[in-house]
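Chemist: Take a look at the following structure, please.
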């Protein structure tokens, strides 16, 4: 009986490890400069201002889309000669989408040095040529052109890349890092187009299934979502600061829209219940993962006589008092016997910030910052716990520098514990941003989708 229990425990542990291995949100952390910028934003921004900005953030985009959608359309029975308004709408929509993509490139690759005016010289001709090609096909093939959005996706990507090279070609030839960023972003754009195509296939299959098989088919949606997240995460390797936004605002928005469509077209209540239960189960697992992350440093926080909710504040004090802590690192899970490598040269990347602006809502002082290389994707939450708490011993000498705050006795902690606090805070923030964006999209998208059907 004992042997059976042991095998069951090993099987459960193996399943948990494999589950963690494919959860993108468990394999990343904030960079030091993003953490510093977030701290500065938190200190300089009031709670009510942040609370008001949160629901207002998508409002300008929704207003623009509503204005475009308000343009009257002629009946398609009148033919392409009376389709002028539809092409104006399509061109404006394509321009907005293209310009948003170019703005993402500007944020994703500061080394590209792409100016706002130059961005317009990319998005405007790309949108015009894409719709001109679609109009030509409609004239010579048929109108309305079937699957026009899908057909024009790759020509649009080609036009956008062409004009990007025309505008930034000289700078990119002199800056190989910018070339890598653009190629990687183009790959992400291709993945976005693929997601649209696959969801279109999913929707067609789902609507044609019988009520008996619709709930079973709905179970494929979470599996496909995990695959999408891992593909985008690999494409964004080494870019942890951009992963939550890029991954969630691509995968979750399409997923939430697809689920809303499925629940509307479902032929049985069982399908809706299945989708809701799966969603709640995933959310519950995420909360458990967050609890485990915070619980990993409970011993250290108990040593300071502080609650786990003070983790971020304590990490800020650690970074202020012991900046060298950011240069320490954990090795991979294959080297657990020598997990602490404080004596070896730190693996860091030096980033030079010439502007104070790091993100649209975050600013920090210009200068050079050293940040640790992100943890390998093979390291799970359990690995971090093993590498940290299991090796926190009394052999490490306490830090020599005095505490920066009389309320937090940081001098009571060892260098290793300082690093554990900082590292875990960066992981918790990364994971929390994933969770917030997921819930934000899962609430906002169905509301917008449901509102669009009012009056039909």
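Just so it is clear, glycine is given a Cβ too, placed from its N, Cα and C backbone atoms.
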Chemist: Labelled transmembrane segment by TrEMBL, one stretch among 75-96, 185-206, 207-228. Can you tell me which?
Modeler: 185-206
Chemist: I'm validating the feature mapping. Which of 47-68, 245-266, 311-332 is tagged transmembrane segment in TrEMBL?
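Modeler: When 47-68, 245-266, 311-332 are checked in TrEMBL, transmembrane segment belongs to 47-68.
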Chemist: With the transmembrane segment (428-449) as the reference, which stretch in 117-141, 147-165, 185-206, 272-291 has the largest tally of C-beta pairs below 8 Å?
Modeler: 272-291
